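K.L.:
Below you'll find the structure I mean.
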Amino acid sequence: MAEEDPDQESTANSTLSRMLAGNRRFAEGHSEHPWQDMQTRESLIDRQNPDAAVLSCSDSRVPPEIIFDAGLGDLFTIRTAGQIIDDAVLASLEYAVDHLHVSLLMVMGHEGCGAVALGAEQLDALIADSTSDPESSLESADAMAELDERIASSDSIVLRSVGMSVWQAREAELDTSEDFERVHVARTIEELVTRSEIIQDALAHDRLMIVGARYQLSTGKVEVLSF
Ligand SMILES: [Zn+2]
């Protein structure tokens, strides 16, 4: 095992500060487009040493390198619709943590996420289907548990992942798309930590910090979420 770096936490914090400073430049229309020149490209041919890994949505309006005003070699990014996790996403993040030694892992959702809306739609369809049986009612604990089970065992990864986040948000009486997007980021982080021993180990040895974030399309700003 690699020796622990006592400065890893401050490295993660300064990486986050640098990303947020880049986001401020972007949001204010003063992007500097750093590290995108030929010299930088040539200096990175033999190696990469990114500071952070970002798991975010594939949405064409949310490219991390642009919204954090970052350059070549800065961010290791993984993007799927609704930042849904599967084995390939996990393996990519584990590579970033274990081999590239990123100190920061950001999971970023965003305003107006179509995948989150789709998850809510699929959940509603499932609920409508479940309650068409007059014998059943969503009010009973049994019916709730059964719905939980039907979401978890669905063929749709959107329903299993995002739909479950929407369902849990609603159970906590959170009902706006903004709430769903935030809860989904929180649940995505939970799932990452639960499923990956490499990530658990890096957290336990203070080699990694995980932050949740949400990008606001309307302002261009990234808010760091606290759960
Ligand atoms: Zn999205």
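Cβ coordinates are placed from backbone N, Cα and C, and glycine is handled just like the others.
From TrEMBL, for reference:
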BINDING   Cys57, Asp59, His110, Cys113  Zn(2+) binding site
COMPBIAS  25-35  compositional bias 'Basic and acidic residues'
REGION    1-35  region 'Disordered'
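Walk me through where these features lie, including what they touch and how far apart they are.
P.N.:
In the shown protein chains, 24 other C-beta atoms lie within 10 A of the C-beta of His110 (Zn(2+) binding site). Under the DSSP three-state reduction, His110 (Zn(2+) binding site) is assigned to strand.
Distant neighbours of the compositional bias 'Basic and acidic residues' (25-35): 66-74, 219-221; these residues of the same chain sit at least 6 beyond its ends, with a Cβ under 8 Å from one of its Cβ atoms.
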K.L.:
Going by DSSP, is Asp59 (Zn(2+) binding site) part of a helix, a strand, or coil?
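P.N.:
DSSP call for Asp59 (Zn(2+) binding site): coil, neither helix nor strand.
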K.L.:
At a 10 Å cut-off from the C-beta of Asp59 (Zn(2+) binding site), count the other C-beta atoms across all protein chains.
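P.N.:
Cβ-Cβ neighbours of Asp59 (Zn(2+) binding site) within 10 Å number 20.
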K.L.:
Excluding Cys57, Asp59, His110, Cys113 themselves, which residues in that chain have a Cβ inside 8 Å of the centre of the Cβ atoms defining the Zn(2+) site?
P.N.:
Ser56, Ser58, Arg61, Val62, Ala81, Gly82, Gln83, Gly109, Glu111, Gly112, Gly114, Ala115, Val116, Glu181, Tyr215
